[in-house]
Amino acid sequence: MTQADVSFSHLLLGTCDYPEHVPQDRPPVYARMQRELGLSFVRLAEFAWSRLEPLPGTFEWGWLDDAVEAYHAEGLRVVLCTPTPTPPAWLIRAHPEILAFDDQGRVREFGSRRHYDFASPVFREHSRRITRAIAERYGQHPAVAGWQTDNEFGCHATSRSYGGASAARFPEWLREKYGTLDALNAAWGNVFWSMEYTDWAQVRPPILTVTEVNPSHVLDYNRFASDMIREFQAEQVELLRELSPGRFVTHNFMIFESGFDHYDVARGLDFVTWDNYPTGMLELFAPPGIGEDLRTRYARTGHPDLVGFNHDLYRGLLSGGERLGRDGAGTPDGPWVMEQQCGQVNWAPYNPMPADGAVALWTAQAWAHGADVVSYFRWRAATMAQEVMHSGLLRHDETPDRGFAEVAALDQTAFPVGPVPARVALLHDYESLWIYDQQPHAQGLNYWTQTVTYYMALRRLGIDVDVIHADADLSGYAVVVAPAITLVSAGRAARWTDAVNAGAQLVCGPRTAFRTPGGETWSDGQFGPLSELVGARLLQYDSLRPTLRQTVSGAGDLSGTFEASTWAESYRLSGAQALAHYRGGPLDGQAAVIRRGNVTVIGAHSDALIGAVLEGVLGEAGVPVLPVPEGVRVSRRAGQLLVQNWNPEPVEWNGTTLPPVSFVVRPVEAGQPLEGEQDA
Amino acid sequence: MTQADVSFSHLLLGTCDYPEHVPQDRPPVYARMQRELGLSFVRLAEFAWSRLEPLPGTFEWGWLDDAVEAYHAEGLRVVLCTPTPTPPAWLIRAHPEILAFDDQGRVREFGSRRHYDFASPVFREHSRRITRAIAERYGQHPAVAGWQTDNEFGCHATSRSYGGASAARFPEWLREKYGTLDALNAAWGNVFWSMEYTDWAQVRPPILTVTEVNPSHVLDYNRFASDMIREFQAEQVELLRELSPGRFVTHNFMIFESGFDHYDVARGLDFVTWDNYPTGMLELFAPPGIGEDLRTRYARTGHPDLVGFNHDLYRGLLSGGERLGRDGAGTPDGPWVMEQQCGQVNWAPYNPMPADGAVALWTAQAWAHGADVVSYFRWRAATMAQEVMHSGLLRHDETPDRGFAEVAALDQTAFPVGPVPARVALLHDYESLWIYDQQPHAQGLNYWTQTVTYYMALRRLGIDVDVIHADADLSGYAVVVAPAITLVSAGRAARWTDAVNAGAQLVCGPRTAFRTPGGETWSDGQFGPLSELVGARLLQYDSLRPTLRQTVSGAGDLSGTFEASTWAESYRLSGAQALAHYRGGPLDGQAAVIRRGNVTVIGAHSDALIGAVLEGVLGEAGVPVLPVPEGVRVSRRAGQLLVQNWNPEPVEWNGTTLPPVSFVVRPVEAGQPLEGEQDA
Amino acid sequence: MTQADVSFSHLLLGTCDYPEHVPQDRPPVYARMQRELGLSFVRLAEFAWSRLEPLPGTFEWGWLDDAVEAYHAEGLRVVLCTPTPTPPAWLIRAHPEILAFDDQGRVREFGSRRHYDFASPVFREHSRRITRAIAERYGQHPAVAGWQTDNEFGCHATSRSYGGASAARFPEWLREKYGTLDALNAAWGNVFWSMEYTDWAQVRPPILTVTEVNPSHVLDYNRFASDMIREFQAEQVELLRELSPGRFVTHNFMIFESGFDHYDVARGLDFVTWDNYPTGMLELFAPPGIGEDLRTRYARTGHPDLVGFNHDLYRGLLSGGERLGRDGAGTPDGPWVMEQQCGQVNWAPYNPMPADGAVALWTAQAWAHGADVVSYFRWRAATMAQEVMHSGLLRHDETPDRGFAEVAALDQTAFPVGPVPARVALLHDYESLWIYDQQPHAQGLNYWTQTVTYYMALRRLGIDVDVIHADADLSGYAVVVAPAITLVSAGRAARWTDAVNAGAQLVCGPRTAFRTPGGETWSDGQFGPLSELVGARLLQYDSLRPTLRQTVSGAGDLSGTFEASTWAESYRLSGAQALAHYRGGPLDGQAAVIRRGNVTVIGAHSDALIGAVLEGVLGEAGVPVLPVPEGVRVSRRAGQLLVQNWNPEPVEWNGTTLPPVSFVVRPVEAGQPLEGEQDA
């Protein structure tokens, strides 16, 4: 069997397996079971460094050779990993300078995983060494479909090391960026509290300062740390390209991970994968705007839009990128879900069992949001160490767990691959995220909350969304939504202006263009270089404590009264018109929502207001909406419509009863509005 | 007066006094007052190292000589202490390597108490030196009844030191235990994240890792730290045995202290004492399952079952042990309450005054749960330093405080010594506690909560309980309850099986036998070696967030509907029958409570369900129950029944009015059921 | 123009400006705008060290010369600062021993501000050097009205450094204070846990101990740290006196700052200024007794009494002090508000916009509480670094913000300068605060809460209050209130006795005279040396958890029933009479409020009880009260009465409608009671 032999017109499935964790007679048994279950891929070895190289320079390939052959024999294609997330004890104790430092300035000890500093030259050398060794061994094995670099960059707050190798490299990085100390001091506004540097070596990681550190210092440290990850991975990718031609290279990104610029790091990969744990995501990673009511309602499924957002986010990382290493008709285009929850997780404060049907629903949603492969984590629940209480497709005792049955019941052919037909783009940018969250100004609102609020409003209107970079190509989109792009350069403003001039509708949230690329404010105030396009300037912004609300009253088409929480900002108009005004409070009578031509800005944080404005804009743009009830969602792909019910109870909708936690796939008739769909 | 002169057929009283804190004319005055109050014992000198040895090698015995003579002159018997909880400044500054490290890797500074590392060879030497000196001086003094080692091992999280001497000793301890690194790596499952060691010196304390540390690593560190305490105390005990023949040696253990294996550490003592602070216990040490309603109701008394559990726990530490150093008819057998709260404490977030009658009630309960001596802490409230706001029998100004009057009013002869006649054993095991709490999987449930929930259900049924080690001799018990013994070895399973075969009823809580002794899961799943006895295997376990409940529906004798919170697990039956099933949710229709012969397993966490199952099992076992109202408790000892009302209001029960915070002692007629007692 | 040229009979205004943050063409423009706005003062350069001395020993005065001339040209008077809060990078990296340590023992890093240790001899030298340099340059410039030392001592918990230079100096300070180690050990009660020292060098900062550190150790460390601040400032003041004759020297103190003895540190200044941020104060510094309801009601104004208390506190720091450096009729006497919030702040969890009218109201209140100058922070909102989201009189884009308009509308002549006519003194003492808060014994009550509770009760009765030191001259006061003076020396007791004998009414809160100056308790119990005056001794004290209340029942004139929370103490009478008793609970029937002659003690914490007792005492003292509704406040100064409405809605009072967030100034007719004022 060669790379091209796998025919591939629909969703494929896989799993993550750990032959090093079980007796050597198990992989052949598991491989057969996996084939019988209908799996096509198996991921191996991301944590196996100590078994591949038990002593410095001494490699033991036998167990992995056997495992690869066992899976190969059953027709499974293997995804191999560079085992760099877990440098073994012999390496760390010999070179403690590899260890990372936390944001309290403490060294992060050996004894779990991800304990290395991406900037460490010593670790870089060993990373290349082990990558070369494993790639030389397996790079051209017919079973090997591709590679995953490392594992979950940034997990456990490991994107940034605040001492050691990173601290040593940072001044050098700054010198490369700024050239002179005057430029650095000016860019950071270091004059503010006499923070000006007179020597590059004076600059340290932005921690343990007496009070808040300079946000521009943080912004550049985040950029630096992101660069270190990019460099680190690029070294592995280069070796994999050389030694494993025709195989894909990818990485499995993490839920809402914010520690690095994923667009930068993804560049050079063939496609993006991510690790999808809907229930843990809801308990541990949900933005603060998701309250106890939603956490309870969706405790056993996760929230549809949190999951959907991550799908769309990771699908969009490489949108428009070229294919680099993939080869052959049978190689999926991506994205994948590399690790798909298939039972309960073990890492949230509470780890409820998924509802009946949840594993199938998650799989169907993943497909509808663009996934070509869904790979379940993990094959068999671990019997040792940190994750014994994380479930797998098999239980500890090797009996099939509940998720196994749901996977077995799936008809993979019902999920054809093909494009997600989004006419709406939602803009995202890690630099805006970093600077926004560095100075939130109002507890309860952060970048993800603000962004996801707009995303959810679109999903409630039945809209498919591309989440793309704020500087991405906007052509072809009818509506562009920028919920929280607070950092806007002149170039970015120009690109948005072009899109608007080309006919796109642009909707911006509050704090848009508040910041320069350096993290300062525009000295002519928000909206800086976007002011002309918007036709207004910032007048006031108000940070609402949880016990305060601000009324917004719509005018004309935008009728109704809305209650803003957390944030309200108003505008001084210079060309724009007010669609809504504040009523009461210190903003009384000021403009809350403004519009100039195709550009709309929403100054207040209010689910209902955002939904109403977006519905109006979509109408103007000719994008039909399909309002759906709470917990019901629609997604479209490859001519199919996926109708999902995420509620724990049945829902009547459009004359049909949707059972609890269920889905239906049916064709979308081109040009035919769906039942209930509203004409633009 | 000699050791044997104290006649001893009933409860005796004592106090803790600090002659070093007061002018030298006070001890004679205090001794007289103590005698007049009816006290028999006075404990001295546990924190007095800097007064006994003010400079290295320079001893000043005069003040203590005078104090011992003063108490002796009034007929009080003295309990002396090794002053090792407070090594003085001259020792610490000369040997800073004595200092312990906290779990953040920071050295724990001199300036309070318990700042030493049990593993420190330097401190061990000084511990032996000061123990020898004080034992040589007073070991054969006629007033000296016995010795307390150190004070409250583990208090302030001092059981474990995470650096320094302990870090240095740990690898050695591991080598002694495992012999080879392969054995260590296998036992811990270090392959999981390439955590395998290639040199003993690579192993460190389990802190500051990037994410969760390997729970097996933690489990062995806890065992190691417990061993250090055992060794430390054994060195003192050996000297005391040699130099103070015929005197008892004991230690005063702490409320719910979890930092070491108390069974191991107690071995070699004559009897166990503990320090009983009911109101502080409720505010600060109550398990998370004790809510605000109970914390309010019992704010001025403590919760009867939290106190009772600790009494039964510490009484059971040496059950079955031999008498080692005691001598003479008049020496109590133990256990004691070495420090009994007699007014408000100072160390909880809130420190309410005890209710009128609480000191007497606590004393009576202590007796009924087996105490031979109750010693009040402290004689006079301290006027200086950390504990000025902790009360004593005397106020700062030496006037008698409220507790004094309650002690004076006690008739000690109403409390005859003798056995506590328990037919129910509740099993406990520090290793299960450690591994349970290392991976709780559901906030709100931990080992103590789960264990105390079962204990409270028994107490609400009027049952006397022995809390004993999970490997203790079970003969003679009609019912054995294992609420949270999650770590079950093959040997343990065999002992339980023997007890069941001998006729005992066994009731297990959830997670029983989930773990091997190494801390892994059984590769054939829960219940591992207990599976045959139980007649079932684990099917699912569910972690319920606080807003979720799971309905359980009983069948047959176990009628009714129950609401589980926090935890619900179900079973695949292979011989057992289901007594109750889950209704609704992902466990719908699965077995919640199962029974095979004499063995019952309760999979759901529900006070009412646990009570109902236990009541049925007690009935089958022929143990009569006596259901009591909220806050009313009964306890039996030496043929007497103690009826207690812990409520702040009077309660009508069995035709009697029990005043608030009060008790009655009356004979139990052998074979005669109590009024209200239900036949088995 | 010379110092004396400014005529000065009414409130003057100013602002804080940062010429170093803006292009060099801006200061002339800003100065003109400031003059046109009616401002008289501009404060400069407190954070400008790196611009004044960009490299070691290299000074650049040009930019500040230009700025001073620009302001001078427009007639503004300049307040210059020593720039010591922000030692620059070149100094810190050359002398890292300057850095302070936090209470976790970690060095506090460069990168924000206030990173120095007051005890550092190296930093002291550089502090004198830069002070001399700037004072030589500008000390006699005609525009320079005076000096501010450093900026906001103690802000960001910087009063105390727990390592480095402070740790090195502390033993020396102790030796100077105590002379012998025996004296130190006795004063601290170090015998308690063998904490006795045998060498001065053994003593360390009171952190990282295993459990609670000795409170006497903490008390002396706080005194020591306070002394270091005093010494540090005195060195600057000495140079400024020498080099800038005739100019005032002041410091801008912080809201509720507790880290040092402000009376000691203020000594030697001409007058005191403070930094008034009412909304941030409410969100971040409000004592725990201020609940969510008040935090919401006053979210856009701050709470009137929190602000008022700080005004009265800082006005009282130098009451009775001599004028030191001021010269000329036109120099204000002080106090000032050096930084007055004039828009939203950026440093609280929520930062709501001030209500319309709030800036004017704050200014008026500042005047009525004694301020001669109110200086707004800051002129233009910063466009860079940590405070971009803090507002100023101008926005980022230099347009006037809302506060600007309110300042422009003020009639400064409506606010004549003159005395605040208080007949009631409220006593305050930082040492009592330190020892009280070191052992609070009941969460929810601390020194500030207890003190402010009494202050608020007085303000609700329409009373003007002087907040003065507990050892201050009490002559002339009709009523003296000591809410929380827990540390009472014999001398203090004698002074209070003299005042009472001279006719003053004395009202004490709970815990009064519980402690000796060393921090121990009086060995004859509370009230120690005050016992004779009070005619009672402490009987019991009760710490009430939040779910417990204690009823108090008044007798005679003090009729009614009250509910105490948090704290209740009772008394054994020896001359005093009980005005109220406890009902129910363990204090049932005991005295709750007692009185002997002119001395009243309130043992229970209850707003209503405190108000009722104070109203009675004021009546006896012949001080007329004027009860005001919620949020309405009256203050008197220089013959004028300021009536304020801090509510967000209008209030009907005395036949007038007070608009929301508004004030009225009208004359107080001497001897004429106000409408609604109640005769004594």
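Think of each number as a place in line: the chain as shown, counted from 1.
Yeah, the Cβs are placed from backbone N, Cα and C, and that goes for glycine too.
TrEMBL: automatically predicted annotations, no manual curation.
Owing to the predicted nature of the structure, the values given are computational and were not obtained by experimental measurement.
Site annotation (TrEMBL, ligand substrate) includes B:Arg113, B:Trp347; from B:Asn151, B:Asn310, the additional listed residue is B:Asn151.
Same-chain residues at least 6 positions away in sequence with a Cβ under 8 Å from that of B:Arg113 (substrate binding site) are, in sequence order, B:Phe47, B:Pro85, B:Thr86, B:Asn151, B:His156.
Under 8 angstroms separates the C-beta of B:Arg113 from a C-beta of chain C, among the recorded positions B:Arg113, B:Asn151, B:Glu152, B:Glu339.
Taking all protein chains in view, 24 other C-beta atoms sit within 10 angstroms of the C-beta of B:Glu339 (active site, nucleophile).
Counting every protein chain shown, the number of other Cβ atoms lying within 10 Å of the Cβ of B:Trp347 (substrate binding site) is 17.
When every Cα pair among B:Arg113, B:Asn151, B:Trp347 is compared, the largest distance found for this substrate site is 17 Å. Neighbours of B:Glu152 (active site, proton donor), defined as other CB atoms within 10 A of its CB across all chains, total 22. Summarising the environment of B:Asn151 (substrate binding site), the number of other Cβ atoms within 10 Å of its Cβ, over all protein chains shown, is 24. Each residue contributes its Cα atom, and for B:Trp347 (substrate binding site) and B:Glu152 (active site, proton donor) these two points are 15 Å apart. Secondary structure at B:Glu152 (active site, proton donor), as computed by DSSP, is coil.
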